[in-house]
Amino acid sequence: MNKLPILIFMLLVCSMFISSDCQKHTDIKCSSSSSCYEPCRGVTGRAHGKCMNGRCTCYY
């Protein structure tokens, strides 16, 4: 039996869990993604973030 489809499925599921843990939703209001850089540096230690629906989402 070919185990390649099972391996690909498991890799996909694991990568989905890892990517969902890499973002932090905040209550910091924003108008553009550039206004999230400094607040995200305080939350995650990195200046990676974007403005989504008027709130900053920070990434690790």
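Start at 1 and count along the chain as shown; that gives each residue its number.
Note that Cβ sites are derived from N, Cα and C of the backbone, with glycine treated the same way.
Among the features that Swiss-Prot reports, signal peptide is placed at 1-22.
The feature disulfide bond is assigned by Swiss-Prot to Cys30-Cys51 (among others). Long-range C-beta contacts of Cys30 (disulfide bond), restricted to its own chain and to partners at least six residues apart, with a cutoff below 8 Å, comprise Cys36, Pro39, Cys51, Gly54, Arg55, Cys56.
Under the heading disulfide bond, Swiss-Prot lists Cys36-Cys56 (among others). Cys36 (disulfide bond) falls within a helix when secondary structure is assigned with DSSP.
The annotation disulfide bond is assigned in Swiss-Prot to Cys40-Cys58 (among others) on the grounds of similarity to another entry. Mapped onto three states, the DSSP output places Cys58 (disulfide bond) in strand.
The Cβ of Lys50 (site 'Basic residue of the functional dyad') has 16 other Cβ atoms within 10 Å, all protein chains considered. Secondary structure at Lys50 (site 'Basic residue of the functional dyad'), as computed by DSSP, is strand. Residues or ranges marked as site 'Basic residue of the functional dyad' in Swiss-Prot: Lys50.
What Swiss-Prot lists as site 'Aromatic residue of the functional dyad' is Tyr59, and the listing cites similarity to another entry.
Around Cys58 (disulfide bond), the C-beta neighbours below 8 angstroms that are at least 6 residues distant in the chain are Gln23, Lys24, Thr26, Cys36, Pro39, Cys40, Val43, Thr44, Arg46, His48, Gly49. Its Cβ placed at the centre, Cys56 (disulfide bond) has 23 other Cβ atoms within 10 Å. The disulfide-bonded residues considered are Cys36, Cys40, Cys51; of these, Cys51 has the fewest other C-beta atoms within 10 angstroms of its C-beta.
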